[in-house]
Amino acid sequence: MEKQELPLWKKLNFFKSKETAQNGWSQVVADDRNAETIYRKRWNYDKVVRTTHGVNCTGSCSWKIFVKDGIITSENQQTDYPSTGPDMPEFEPRGCPRGASFSWYVYSPLRIKHPYIRSQLLSLWREALTKNNGHLVKAWGSIVEDQDKAKQYKEVRGKGGFVRAEWQEVNEIMSAMLLYTIITYGPDRIAGFTPIPAMSMVSYAAGSRFLSLLGAPMLSFYDWYADLPPASPQIWGEQTDVPESSDWYNAGYIIMWGSNIPMTRTPDAHFMTEVRYKGTKVVAVSPDYAENVKFADNWLPVNPGSDAALAQAMTHVILKEFYVDKQEKYFLDYAKQFTDMPFLVLIEKEDTVYTPGRFVRASDLGLAVNKGEWKPVLWDALQEGPAIPKGTIGQRWDSTGQWNLKMENESGEALSPLLTFLGLEDEQICVDLPEFTEGGTGIVKRGIPVKFIMKNGKLLRVTTVFDLMLAQYGVKRNLPGQYPIDYYDEQTYTPAWQKKHTNVETELVIQIAREFAQNAADTLGRSMIIMGAGINHWFNGDTIYRAILNLVILTGCQGVNGGGWAHYVGQEKCRPIEGWGTVAFARDWSMPPRLQNATSFFYFATNQWQYETHSMDGLKSPTVTKSRYSHPADYNVLAARLGWMPSYPQFSENPLQLSTKAGQAGAETSEQVISHVVEKLKDKSMSFAVEDPDNRKNHPRGLFVWRSNLISSSGKGHEYFLKYLLGASHGLLSEPNEELRPEEVTWNNAPPEGKLDLLVTIDFRMAGTALYSDIVLPAATWYEKTDLSSTDMHPFVHPFNPAINPPWEAKSDWDIFKSLAKAFSTIAKEYLPEVQQDIVAVPLMHDSPGEIAQPFGKVLDWRKGEVEAVPGKTMPNLVMVERDYKEIYNKFTSLGPLLEKNPVGAHGIAFPVKEQYEELKKSNGQITVPGVAFGRPAIETARQVAEAILTLSSATNGKLARKAWEDAEKKTGMELKDISAGRAGEKFTFKDITVQPRQVIPTPVFTGSNQGNKRYSPFTTSIDHLMPFRTLTGRQHFYIDHEIMLEFGEAMPVYKPTLSPVLFAGKEHNPLTAGKEIVLRYLTPHGKWNIHSTYQDNLHMLTLFRGGPHVWVNHRDALQADLKDNDWVEVYNRNGVVAARVVVSHRMPRGTLYMYHAQDKHINVPGSSITGQRGGTHNSPTRVHVKPTQCIGGYAQLSYGFNYYGPIGNQRDIYVAVRKLKEVAWLED
Amino acid sequence: MKFTEQFLWVIYPYIALTIFVVGHIYRYNTDQLGWTAKSSELLEKRSLWWGSMLFHAGILAVVGGHISGLLIPKAFFESIGVNEQMYHMAAVYGGGPAGLVTLAGILILTLRRFGNDRVFAVSSAADLIVVILVLIEVSLGLASTITNVLSTGSFDYRETIGPWFRGLLFLQPAASFMAAVPLVFKLHVVVGFGIFAMWPFTRLVHVWSMPIEYINRAYIQYFSKDLKVKSFH
């Protein structure tokens, strides 16, 4: 090595003459270049590690992390993805600036380095422990049952005061809380919230496994985020299944609808730009001139929330031009085989009014078939009469193994479904169809052809879904009724009609609809709609989606590569789903876990139900006289009672004490215990907790949050959370609305504030939720742990590998919950050593026999005596589950015995895994400690968990994929094994996927297949291999006949306007206006410099835009309120206030304000002059609205599934006032 | 002559100066990244502005005063027509206020360093010691000036301390010059050399890092891999 000159001698070069040029303007530095080594060393590394980011961005990009001397220096994109094949662009490299800045967090000031506890709580705890002679459970009780003491630490939440804690002490406090709550109120009063398993499966499973073993509910996220499109289960019986991004390249025509591709799917956007070079046309539907609009050939600038109107008009055009004027054979064949269009619907007559009713079933025709109530019929043109086709939900459960979409009737004879009765009708009648506009609701009467069927002396009027559709859409066929004359007649649902709502030019709509369908006809289904949160987060997001999805189903695009919907919101696809689902919910030890839909949970726990402003009477269909209830909470109670939805906290009593009490009353067998519980519910000596949610006995007590920023990022109704759930300072400006009270829920005039006794957050970033928590635990970052990641966007399963060990006192989520499980079990040995009998109420589940529990979509309420109360049939199922609290740790760290006997599976596919269980004993090792876990496969480390997940899943284990296809063959009678045959010998290990990304193995637990390197696209198995959709008819549904769907006029896709504006109501605290203000719609789309609340506080990202909270406003709106660019403003309504800088831009539509999701309040947020508090989060002005139709359950595809169905936490139908913040106070003194 | 005298006015100053010179070379060569005034402005701004401004303005004047009082022989001033009376006036009316300003500055800085929790938390032992020493030194210096004003004519440092100090620099040390110097001056000198000895190991090194090279540097700078090779052709 060259000898280094000492700095001082070098400095003396100053006196030397320097070589100059350009008349002295330039010179050679009289110094060596060693100063540069400091920068060069900054990027040196001695180790490269493959990992990824778990931030629910859907990217799941594989990254290289560079490490030097045990310090992470930087990250870079991996480029070794397997090829997509010839004539295709590749996946590599994937990544975006957000991910590339992640390593900043590792050593940043925001990093949580140690366990923390709020000092007030710690003092109270130590004092209580002394007073109670070290009795942990009594000590906890003495704090939380003493209102003053509880208030002491609850009211200072969010106000700092954290002190460092010892792991042992916080584990003790958490265990004391858990045991006290379990013994006093029940394990169902504790809950866990963590979202998106796919973004780090092991970490999700850590807490959910622990809590499931306790019997504590896990809260859903997909519906709560309002990312779940309820239209998907409604139409397809599938939570969400979408194409990977490379399939965009197969499309011939793309509409980007409410999805800002380059901004929110950054690593995938290139497929959209590349396919344009192939000649694919790209259209953008967006209210603002969004980033993606510049790629579009046409821009449809739609009014926010009116997208359904646009889609309805396009449907009108397609039906008219491709189904009626010209009969496009490809479309019609598709519609007959793969949709419910030919199915028969009863027309109901009351007085002189005809309305569409429910599907006609085999049982209606008196046909003696098994499960006839669940076999809808169609009209066979060959036999000229009604016929039962294969593939309906009835065949799914009648165990004949003939559940498929062959064009055959039940006896195997060919059939040809008739689409319309026109020309064969017995009568032409006019049906009443509901119409919803901004001005109110109305009825349109339109003619349809009906056929008569005589049964038992009763005349049944029937028609087809297709005939009803044409009436609904106003496609004229010389039938009586109010049909529009042409496209320019402003009646529902013509292109001219839509312009009133959307403000998009009539001609443009006709053109795009025509092009979209013609492309589909020419390419046999390669028209695609890439859609997303922008159009989904509305109260009526489901009708918007159904209207849009019409377009891809009517044109035969769904289930075709390059076609169909491409809906992207969160990172939903957990590819190794069966293994993960087993480990995550401890299904290897006990069944069933408690899984709660979060929207209901938070709606009641944060008392948003007391602040309703929209009566359901105003939202019902005009074809019914009265809605069942006025208040949405009542529908939720009904849903809990009839077993439609889960409802935890469960009953007004501790579920652990029920069997003891039943025993005292003489019950001996478990059946007797169950019927004792049913009796208690019937005689009302015990109620559902949701019927009295503010009772101190009934509300949730403990909440664990990990991998999430619940309070700031997804807490719609942020201020309600602060007030009711946490008891902290809040900025709520509204008052409970006593005029709109539910009938079925006890109203409390002084509901408890600070319901949670303990909020625990596990995170690496001191953001909103951590700041409001009582205990904060330091989590390992994505560069410090072992885990698994997958996504919808690509077909790979990626590993997380630790580049360094977790620094400071941080630990991986798995290790954190493991150490808590250990402490808890040890303490439980002393305080709760006896085995407990827990009674778990489980809803009627989708993909289980529960989905055929309540026939005909009729609501029969046992409480009203309309039907007998039968668990698992007319009410939730009741299951006894043993809980041995001293064994939690042993069970947590080993794979339990149920895997030896029960099959594992998902989505109705199941297969035995005994062989894999034995294999895991060898690969993971066995537990050697005597006890329940002795000899079982170990899952003590995150790595062992990852191996278990990969081994037990069909997408990552070829042997299991084969077994899964065999199970599908057994159910459908189709030949399917070949699909994965080529990959039967493959089994992914953690090491394999660390070496190079591997494409998953095709499996029937998902609806598409990537056989032979085909790009993954959903429902291709249904179209190519005739596996039915998991719906009532086994086909895609245009028509949904549940009673409550009819009540709200949503049997068919409709246009419904957004909820009417409510800025303030009644006697609320409307702040006096000091200057000019404007009222705008309040939307929170996803931003450019953040992924949810992550990265927005990262120094790199803060430098790229305004460096703090900001809102976007149109320049003319700004002028009206005297706002200049970069002014500070206050944005407020009855729900709260947020302060931000205003970005004045002509890209924005008038009348709408954007505050990009998710702006937290720990960076550069000033005080609000209205509340005197720090100016809120982007969720301060929001709240959720619960939609009754999304509470339906126990009925085919509308049966409950965790993160599958249930009301979405929509927050978009909101308005705010905006005014200039005259004085900016930072509240620092 | 007593050994104490010889030690205080000959041996001790040479030890201090040796440490000063060798220490700086050592520190500069081994601790490039630590060669800084360690700004704490991020933690506290307001009193830093006052303290730092007053202290630095004062100390520059004070340094000027010391140069004219100690390094420049009395004879030189007299040869250019500055008599005793005039020099005295300048020293009192110039040096006094300068000393006061410096004292005010260092007082604020000391109070800030010890009184502000955040600043105190990031302070090293050297930071704390050096600020105390400078405070003592400035106080002693100011006290000396006042003594000088009060004792009109009986003592002239330009005929005692000045020659002694120049003697040190010319390697002809003579402790005898210091015999009749008042105690407060002596203390000032002793503490002063203490500061010199500590200097290389404290934040005071920033004094030597004035970026004077920018004054005549060319606008465009080229780095060369090898300085021996001509770069411009």
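Positions of Cβ are set from backbone N, Cα and C atoms, glycine also.
Lifted from TrEMBL, the feature list:
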BINDING   B:HIS56, B:HIS188, B:HIS206  heme b 1 binding site
BINDING   B:HIS66  heme b 2 binding site
DOMAIN    B:6-224  domain 'NarG-like'
TRANSMEM  B:6-26  transmembrane segment
TRANSMEM  B:47-67  transmembrane segment
TRANSMEM  B:87-109  transmembrane segment
TRANSMEM  B:121-143  transmembrane segment
TRANSMEM  B:174-201  transmembrane segment
Span of B:HIS56, B:HIS188, B:HIS206 around heme b 1 - largest C-alpha separation, Å: 23
Per-residue pLDDT averaged over the domain 'NarG-like' (B:6-224), given as an integer: 92
Folded-back contacts onto the transmembrane segment (B:174-201), same chain, C-beta under 8 angstroms, at least six residues removed: 1, 5-6, 8-10, 12-13, 15-17, 19-20, 23-24, 26-27, 126, 129-130, 133-134, 136-137, 140-141, 143-144, 147, 151, 155, 157, 160-161, 163-164, 167
Integer Cα-Cα distance in angstrom, B:HIS56 (heme b 1 binding site) to B:HIS66 (heme b 2 binding site): 15
Those binding-site residues listed as B:HIS56, B:HIS66, B:HIS188, B:HIS206, and which of them has the most Cβ atoms within 10 Å of its own Cβ: B:HIS188
Local backbone state of the residue listed as 'heme b 2 binding site', from DSSP in three classes: helix
Alpha-carbon distance [B:HIS66 (heme b 2 binding site); B:HIS206 (heme b 1 binding site)] in Å: 20
B:HIS188 (heme b 1 binding site) - helix vs strand vs coil (DSSP): helix
Nearest-integer angstrom distance between the alpha carbons (Cα) of the residue listed as 'heme b 2 binding site' and B:HIS188 (heme b 1 binding site): 12
